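A.B. asks: Handing you this structure, nothing more for now.
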Amino acid sequence: MTTHEPDVHTITPEMPAMFDGMKLAAVATVLYIIVRCLNLKSPTAPPDLTYQDTPLNRFLLKSCPQLTKEYIPPLLWGKSGHLQTALYGKLGRVSSPHPCGIRKYLPMQDGATSTFDLFEPLADHRTGDDITMVICPGIGNHSEKHYIRTFVDYSQKEGYRCAVLNHLGALPNIELTSPRMFTYGCTWEFAAMVGYIKKTYPQTQLIVVGFSLGGNIVCKFLGENRTNQERVLCCVSVCQGYSALRAQETFLQWDQCRRFYNFLMADNMKKIILSHRTSLFGGSSAKMMDADLSRLYTATSLMQIDDNIMRKFHGHSSLKEYYEKESCVHYIHNVNVPLLLVNSADDPLVHDSLLTIPRTLSEKKQNVIFALTLHGGHLGFFEGAVLFPQPLTWMDKVIVGYANAMCQWEKQKPPCQNGHLSESSCAEEKA
């Protein structure tokens, strides 16, 4: 028995050392994955701005510090575009308020009933003027979403009246009155809301705001007809993709898990469509057939749903035609009011190739500022110290800050900088 004792003593010290090495390697691997996934080594920086050097743009950048100062997300998770997007998607916002508004119902020519919620200001505007924010939410969203409620409450306290479009079919307790629901670029309901506001408040001026899909709709609306820009002080678009035709290819890629997000959004769209099954698929006036319903059940991407369902609401002959005609990229160059386009470099839904559209536009048109943040995800833009985000996001602050600056400019600008006089007229006026 004693002959084996030396062997036991020589083996046992090595085993704990080997296990300790494995534990250390495992911990190091986990830490490496955490650092990579959470993007902890990424720096913070001010937004990357593309704009032309004009008196108005200089004034806006000076008066809206959020555009020139560092955007600092929560330290532990805020540099991950996926976590920012997931937190927006699941929670919307932290400690979201409950603004009190009135729901308005507008009959449309095709028998549809558009709804929007109207929120009166909770304070006087700093300029003393009557200003209304007309707001278009993201895909399948409405005034009851947390991020909309947070933004509306903040805007009300800053003296803005807010009108928020409820996308046709998005509210779970409002039945469709015609076989049609919202699409990627249909501006009919938004136009009806804007028309109501202009008629009801003849003295008010408008700030146009669009989030994600809503950004596409508002930019398309303004560019469709020059009269749509009357009484509009400015427009802000956040996290839109500008061209559905270009975006469709990127949504089939696994880069940045975009294919997975595509599946999740398609699943949500299926639920919205199926909640209105009777209106869309039943009755003599319905535009959808049983075959379309069968294809809807098996769809795993937004493109399949758009091809089998959404394009048919407006009679588009193909998916390509639908995306071409409903994308703001073909209209946005007609927008002449001051335009702020905001995107995030780590937005998992908007591919980097799509950002050449706003960048090129801001290089060509004096009225456009393109702001690209390093972090923020898709409609996240949370701020905070280490772990817990603040109730107000950078996005809320930059929209209201830009709007405040625009209202101040409008109040104090010299007549020759009103955007209607030519350079020669300004020179004559100064002389």
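Just so you know, glycine gets a Cβ as well, placed from its N, Cα and C.
Pulled these from TrEMBL:
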- 132-384: domain 'AB hydrolase-1' (DOMAIN)
- Ser212: active site, charge relay system (ACT_SITE)
- Asp347: active site, charge relay system (ACT_SITE)
- His378: active site, charge relay system (ACT_SITE)
A.B. asks: Over all shown protein chains, what is the count of other CB atoms within 10 A of the CB belonging to Asp347 (active site, charge relay system)?
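C.D. replies: Its Cβ shell of radius 10 Å holds 26 other Cβ atoms.
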A.B. asks: Here the active-site residues are Ser212, His378; which one has the lowest number of other Cβ atoms no more than 10 Å from its Cβ?
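C.D. replies: Relative to the other active-site residues in Ser212, His378, Ser212 has the fewest Cβ atoms within 10 Å.
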A.B. asks: I'm checking region-level scores; what's the whole-number mean pLDDT for the domain 'AB hydrolase-1' (132-384)?
C.D. replies: 94
A.B. asks: How big is the Cα-to-Cα gap, in Å, between His378 (active site, charge relay system) and Ser212 (active site, charge relay system)?
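C.D. replies: Approximately 8 Å lies between the Cα of His378 (active site, charge relay system) and that of Ser212 (active site, charge relay system).
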A.B. asks: Between the Cα atoms of Asp347 (active site, charge relay system) and Ser212 (active site, charge relay system), find the distance and write it as a whole number of Å.
C.D. replies: 11
